[in-house]
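One structure below.
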Amino acid sequence: MLLRVIKRNFALFSRVQTVRHSNKHILTAVRAHYGTMKYLNQQEAISVDEELFNEYKFSVDQLMELAGLSCAHAIADAYSPDRSNKVLICCGPGNNGGDGLVAARHLSLMSFVPYVYYPKRTDKELFKNLQHQAESMGITVSVDCPAGEWVEAEFGLIVDALFGFSFKPPVRESFRPIMEVLQKTKLPIVSVDIPSGWDVELGPQTDCDIMPDCLISLTAPKLCAKHLVNAKHYLGGRFVPGKLEEKYAMNLPAYKGRDLFVRLS
């Protein structure tokens, strides 16, 4: 009788230990999946973009629209237009600037009043169309660098869409005036994908580099995002195919419901 009880209790103990061991492995797997989101280096970011275009047949304007739309939604989540709805959006000559032009258009439909500084124009039809679309919605698109004093008095928020992940320091001479405005401003800055002037992998390189209040990483965060200090961090660009995410071991967090962004911090 006593032997039977001992055997039964031992079997029960073994099952409990097996369940605990199994649960521990499940928890470890969950943590491994969600706790190791990859931060891409510069070459990885370039390669992911190239595969989206070549392997998955996305067009530049298609990805730009999705990226800019997600940026607008993230900005609207982080900053209420009720307090100050005027937004200065600084756009560079590349795809990052195109994201800014798209974001400006969508923000204008979300109770914000965008004003775009877009100094270096391109002859590419896509960018001409983005500018035309913005201006057709009543958005000012200017080539004149705004004075710092006017920016402080006129706006409540700045969107930095000057340079993307292809950027390598130093900043070109023609962009130094607007970079000086961004460095000296007391307004919150939202950077699109990369804080302009930062090294894509190493982050800020001088004490004069801008310190954004918010970063919206697109597709996946880049290594420089690890150098954010007391900043909001969003992930946008809800278009990454599962196979591509798996290939680069991105381990991206799940987007909630219909959201176009994930708040990372």
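Each position is counted from 1, following the chain as shown.
Cβ atoms here come from the backbone N, Cα and C positions, even for glycine.
As recorded in TrEMBL:
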BINDING   N95, N96, G97, G98, D99, G164, F165, S166, F167, K168, P169, P170, D193  (6S)-NADPHX binding site
BINDING   N96, D160, S196  K(+) binding site
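When the alpha carbons of N96 (K(+) binding site) and P169 ((6S)-NADPHX binding site) are compared, the span between them is 16 angstrom. Minimal Cβ crowding within 10 Å, among the binding-site residues N95, S196, is found at N95.
Ranking the binding-site residues G97, D99, D160 by the number of CB atoms within 10 A of their own CB puts D99 at the top.
Local packing around the binding-site residues F165, F167 was summarised as the count of other Cβ atoms within 10 Å of each Cβ; on this measure the leading residue is F165. In this structure, P169 is the one among the binding-site residues N96, P169, D193 with the smallest number of other Cβ atoms inside 10 Å of its Cβ.
Restricting the binding-site residues G97, D99, F167 to those with a CA within 10 Å of the CA of S196 (K(+) binding site) leaves F167, listed by sequence position. Between the alpha carbons (Cα) of G97 ((6S)-NADPHX binding site) and D160 (K(+) binding site) lies a span of roughly 9 Å. For D160 (K(+) binding site), the spatially nearest entry among the binding-site residues N95, D99, P169 is D99, judged by CA separation.
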